[in-house]
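Enquirer: Attaching a single structure in structure tokens format; questions to follow.
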Ligand SMILES: NC(=O)C1=CN([C@@H]2O[C@H](COP(=O)(O)OP(=O)(O)OC[C@H]3O[C@@H](n4cnc5c(N)ncnc54)[C@H](O)[C@@H]3O)[C@@H](O)[C@H]2O)C=CC1
Ligand SMILES: O=C([O-])CC(=O)C(=O)O
């Protein structure tokens, strides 16, 4: 039972998990979500679970012996649950990569994984080109700049909503300029990609970030421009948002499926 590849649990039960379940169904059900960890305060109604087992407590999930846990919830969920899972030897994939902008948390996750002999994987999420940044950095990267543009409704509930009237914007408006540490921390549901870029490239402080609310945007637009000893690189993604969460791109949910399948594959190609 403990080695059952399908004993996959997620943390959270929102738009990403629903999209992941749809992906698994499309791909022929070789994998599936068997259980979810959601604290009582956020727990879905039993009728929404469709047979997925619900745990409210991380200790109960650990006792269930998952073969893999996939965090699809929030920065807090990474902080509250992932160290315990790793310490118990349970491999864990996280999508809330922006949580790793907290150096203390990053160090404690590394210590927990080392102690438990487990592995933490961060998904590529809504962004791409991370392989290029990782390869390029050993020869020296001189600059990495990220620009993220989303429609105004994707920025509701963020600091941008306090600074500008999102509903009445008539032109693209810069809502944030700074570095990847600030962006990941201040926009935990919108700027996880900045952490993925920072970790793959030149770190949180040196990665520059601009965030834009654009009333004409119909996609979540992500642009990365990097220069270094290797040459230069630019990538642009026009991501479709998930139907039930405009903040989150479909690609981010698809990257979870890819990370899960890859985790269990004998050959990493
Ligand atoms: N790496 C990337 O490219 C991206 C990462 N994300 C991350 O993924 C997360 C989930 O995205 P969605 O599913 O679209 O959000 P959502 O808001 O639709 O769903 C989040 C789910 O997690 C649950 N939840 C909230 N706090 C929790 C906690 N402390 N413990 C356990 N469950 C908790 C909620 O009840 C809900 O079921 C985002 O909050 C964000 O951190 C989102 C988009 C892209
Ligand atoms: O899904 C996206 O387009 C990006 C996102 O929300 C994040 O990085 O947190």
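Glycine residues also receive a Cβ, built from the backbone N, Cα and C atoms like all the rest.
Remember, TrEMBL labels are computer predictions, not curated facts.
In case it helps, TrEMBL gives these features for our protein:
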DOMAIN    43-120  domain 'Aspartate/homoserine dehydrogenase NAD-binding'
BINDING   126, 192  NAD(+) binding site
DOMAIN    170-256  domain 'Aspartate dehydrogenase'
ACT_SITE  222  active site
Enquirer: By a simple count, how many Cβ atoms lie within 10 Å of the Cβ of residue 126 (NAD(+) binding site), its own Cβ left out?
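Expert: For residue 126 (NAD(+) binding site), the count of other Cβ atoms within 10 Å is 25.
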Enquirer: Among all the protein chains here, how many other CB atoms are within 10 A of the CB of residue 222 (active site)?
Expert: 25
Enquirer: How many Å separate the Cα atoms of residue 222 (active site) and residue 126 (NAD(+) binding site)?
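Expert: That separation, Cα to Cα, works out to 8 Å.
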Enquirer: Suppose we draw a 10 Å sphere around the Cβ of residue 192 (NAD(+) binding site). How many other Cβ atoms does it contain, all chains included?
Expert: 28
Enquirer: Going through the recorded positions 126, 192, 222 in sequence order, which have a CB under 6 Å from an atom of ligand 1?
Expert: 126, 192
Enquirer: What are the DSSP helix/strand/coil residue counts across the domain 'Aspartate/homoserine dehydrogenase NAD-binding' (43-120)?
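Expert: Its residues fall into 41 helix, 11 strand, 26 coil.
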Enquirer: On average, what pLDDT score does this prediction assign to the domain 'Aspartate/homoserine dehydrogenase NAD-binding' (43-120)?
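Expert: Mean pLDDT, the domain 'Aspartate/homoserine dehydrogenase NAD-binding' (43-120): 97.
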Enquirer: Tell me the coarse DSSP state (helix, strand, coil) of the residue listed as 'active site'.
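Expert: Strand, per DSSP.
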Enquirer: Check residue 126 (NAD(+) binding site) against DSSP and tell me helix, strand or coil, would you?
Expert: coil
Enquirer: Mind tallying the domain 'Aspartate dehydrogenase' (170-256) by DSSP state, helix then strand then coil?
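Expert: Per-class counts: 23 helix, 39 strand, 25 coil.
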